[in-house]
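The following features are taken from Swiss-Prot:
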- CYS18, CYS103, CYS202: [4Fe-4S] cluster binding site (BINDING)
- HIS47, HIS81, HIS131, SER230, SER231, ASN232, SER275: dimethylallyl diphosphate binding site (BINDING)
- HIS47, HIS81, HIS131, SER230, SER231, ASN232, SER275: isopentenyl diphosphate binding site (BINDING)
- HIS47, HIS81, HIS131, THR172, SER230, SER231, ASN232, SER275: (2E)-4-hydroxy-3-methylbut-2-enyl diphosphate binding site (BINDING)
- GLU133: active site, proton donor (ACT_SITE)
Amino acid sequence: MTDKPKLHILLCAPRGFCAGVVRAIDAVEQALRLYGAPVYVRHEIVHNKFVVEGLKAKGAIFVEELDEVPDTDKPVIFSAHGVPKSIPAEAQSRNIFAIDATCPLVTKVHREAELHHNNGRQVLLVGHAGHPEVVGTLGQLPEGSILLVQTPGEIETLQVKDEKNLAYVTQTTLSVDDTRNMVEALTKRFPEIIGPHREDICYATTNRQEAVKRIAPIVDALLVVGSSNSSNSQRLREVAERSGCKLARLVLRADDVEWDLFSNISSLGITAGASAPEVLVEEIMAAFAERFELEVETVSTADEGVFFPLPRELRQAAS
């Protein structure tokens, strides 16, 4: 007999790593295998401190700007979030061996923005100021060519060059519902604005939010495993709250769980952001198993079979 209280855990599926994150992490690990340590990485390769520390232990050196990289023949890898065009240009001017691990779905947004600009349209970017992905997208075109909009209120007062010659793109890790509201506000204010042929919100962001929406109303609490600087992880927590979960928390490790808040629950949802490894979910599950008698159920809302090949330089070097 056990004197532990019972806890019904609902595991969201899909959760955790997406194809772009797997590609970026694999790029660093493959570069370390091919070229040896150190390998330099501009910005956190993905927004997860556990992943970054693990790569540091293998010989990766993380920098924020290229001026922190010494003259070297070792590769410098650009993170999954993408970079402004000035960064590859700076790397080329210094003869730096650069490997671009930008997620292909982010690159798609870059190319859309360029295409609209080349066709004479002013580009609006829906996103969060300061996020590396937004910085990278803004930096694809000459300064001032893209207008960043963050709220429907900003759209109401937005000054554009020509209301009949506009296009929009979006950050890939936003809330699906928030983005839908932004697009509705854009099309209401600017009826002739052109959008992407397919949604810019990435498949993994959409799928993880849909899984949270499914279980959030029926659990006492929900944990999102991820780093505080991860946009898609923060959006999962917000989606849980908006979907009716009264207690939603973002945690990186089991040590981050505020156990007093969870002492009287009988059901718990668990998901993980697209940059959070499954080992952290397992760690948190084990910590709950020490305190509760667990009954675990997986709630699946989508099947993911997406794969992105490594950057060309790494594929060629390995062949």
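Heads up, the Cβ atoms here are built off N, Cα and C, so glycines get one too.
Remember, it's a predicted structure, so these values are computed and weren't measured experimentally.
Shown here: features listed in Swiss-Prot, placed on the structure.
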residue : record                                                     : CB count, 10 Å
CYS18   : [4Fe-4S] cluster binding site                              : 28
HIS47   : dimethylallyl diphosphate binding site                     : 28
HIS81   : dimethylallyl diphosphate binding site                     : 28
HIS131  : dimethylallyl diphosphate binding site                     : 17
GLU133  : active site, proton donor                                  : 25
THR172  : (2E)-4-hydroxy-3-methylbut-2-enyl diphosphate binding site : 29
CYS202  : [4Fe-4S] cluster binding site                              : 25
SER230  : dimethylallyl diphosphate binding site                     : 25
SER231  : dimethylallyl diphosphate binding site                     : 25
SER275  : dimethylallyl diphosphate binding site                     : 31
Could you round the CA separation between THR172 ((2E)-4-hydroxy-3-methylbut-2-enyl diphosphate binding site) and SER230 (dimethylallyl diphosphate binding site) to a whole angstrom and send it over?
12
Annotated isopentenyl diphosphate contacts HIS47, HIS81, HIS131, SER230, SER231, ASN232, SER275, maximal Cα-Cα distance (Å, integer):
15
Of CYS18, CYS103, CYS202, which binding-site residues are close to HIS131 (dimethylallyl diphosphate binding site), meaning a Cα within 10 Å of its Cα?
none
Specify all same-chain residues, apart from the site residues CYS18, CYS103, CYS202, whose Cβ lies within 8 angstroms of the center of the Cβ atoms of the [4Fe-4S] cluster site, ordered by sequence.
ALA19, GLY20, VAL21, ALA80, LEU105, VAL106, THR172, THR173, TYR203, ALA204, THR205, ALA274
If we check Cα distances from SER275 (dimethylallyl diphosphate binding site), which of the recorded positions CYS18, CYS103, GLU133, CYS202 wins as closest?
CYS18
For GLU133 (active site, proton donor), which of the listed binding-site residues (CYS18, HIS47, CYS202, SER230, ASN232) have their CA atom within 10 A of its CA?
none
Residue from HIS47, HIS81, SER230, SER231, ASN232 whose C-alpha is spatially nearest that of CYS202 ([4Fe-4S] cluster binding site), among the binding-site residues:
ASN232
Shell of the (2E)-4-hydroxy-3-methylbut-2-enyl diphosphate site beyond HIS47, HIS81, HIS131, THR172, SER230, SER231, ASN232, SER275, same chain only (C-beta within 8 angstroms of their C-beta centre)
VAL46, PRO132, GLU133, THR173, ASN229, SER233, GLY273, ALA274
Looking only at C-alpha atoms, tell me how far SER231 (dimethylallyl diphosphate binding site) is from CYS103 ([4Fe-4S] cluster binding site), rounded to the nearest Å.
15
Just to verify a number: CA distance, SER230 (dimethylallyl diphosphate binding site) to CYS18 ([4Fe-4S] cluster binding site), in angstrom, no decimals.
13
Compile a sequence-ordered list of residues in the same chain as ASN232 (dimethylallyl diphosphate binding site), six or more apart from it, whose Cβ lies below 8 A from its Cβ; state 'none' when nothing qualifies.
THR173, ALA204, THR205, ARG208, GLY226, GLY273, ALA274, SER275
Looking only at C-alpha atoms, tell me how far CYS18 ([4Fe-4S] cluster binding site) is from HIS81 (dimethylallyl diphosphate binding site), rounded to the nearest Å.
13
Please report the Cα separation of CYS103 ([4Fe-4S] cluster binding site) and HIS47 (dimethylallyl diphosphate binding site) in Å, rounded to an integer.
13
